[in-house]
Amino acid sequence: MRQVIIAGNWKMNTSKEEADTLVMGILSGMADVKSKVIVCVPSPYMSQVEALIVHSQLNLGAQNLNINASGAFTGEISADMIKDFGVQYVIVGHSERRSLYGETDEIVAQKVQVALDNNLTPLFCIGELLEDRESGNTQVIVSKQIQAVIDQVGIDAFKNIIVAYEPVWAIGTGVTATPQQAQDTHVFIRSMLAEHDADIAQTTPILYGGSMNLSNAAELLNCKDIDGGLIGGASLKAQDFLQICKAG
Ligand code: 13P
């Protein structure tokens, strides 16, 4: 039985004060949440969020990491740095990193490797563009993205990886994949993992992301192969995020 995981990706949002208010709001409603809950916060707010969530059920995540351990990489953040703030999870391969910052499947695979080498759990994001879906290439794209990571870290490493399927056309657009579209792709992802290892295919959590909100979360999370959500916009409102956490 796979545990439901709900992760909030705040992206480049909130201020110092808003980050406090948001975390306090989430904490105040966590008592009856059974899912594992992660907040992936902007780097400057990690320290304050770490302090707020001590001894709580809330887990801290980062949104990116550099493949190098240290050195002349202006503006970048290393695995050691995020671990200094109690971070256990890191988003890797988000479509915004792929499209805006040139992260290829190979770079993403290296980042997954670095995260694992540092005992961080990668939230490994994959997903197709609208044009890929419309031309019937969803499975081709998604399998290429997964294969790059399998080639880099091996199938066994998926014991410590959370996959997030985020169709790019659904991110921040208000257009959510239908439960059937999401479920079908999750089944495909699991079948691809099963070609390498049947047990790992069954135990790997596969989250859905892309305009998940309080009105569609329950239906998506009810699908057999959808094990949770990676939430953008709706993770910035404590009450909405909590409702999604409770829908799982
Ligand atoms: P939205 O929920 O805002 O569509 O963002 C999804 C996402 O990109 C999470 O990583």
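Glycine too: its Cβ is placed from the backbone N, Cα and C atoms.
Quantities reported herein were computed from a predicted structural model and do not represent experimental measurements.
TrEMBL has this to say about the protein:
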- H94: active site, electrophile (ACT_SITE)
- E166: active site, proton acceptor (ACT_SITE)
- N9, W10, K11, G172, S211, G232, G233: substrate binding site (BINDING)
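The Cβ of K11 (substrate binding site) has 19 neighbouring Cβ atoms from other residues within 10 Å, across all protein chains displayed. Across the annotated binding residues for substrate (N9, W10, K11, G172, S211, G232, G233), the two most widely spaced Cα atoms sit 14 Å apart.
Listed in sequence order, the recorded positions near E166 (active site, proton acceptor) (C-alpha within 10 Å of its C-alpha) are H94, out of N9, W10, K11, H94, G233. In the structure shown, across all protein chains, G232 is the one of the binding-site residues G172, G232, G233 with the greatest number of other Cβ atoms within 10 Å. For W10 (substrate binding site), the same-chain residues that are 6 or more apart in sequence and have a Cβ closer than 8 Å to its Cβ are A19, L22, V39, C40, V41, P42, Q63, S235, L236.
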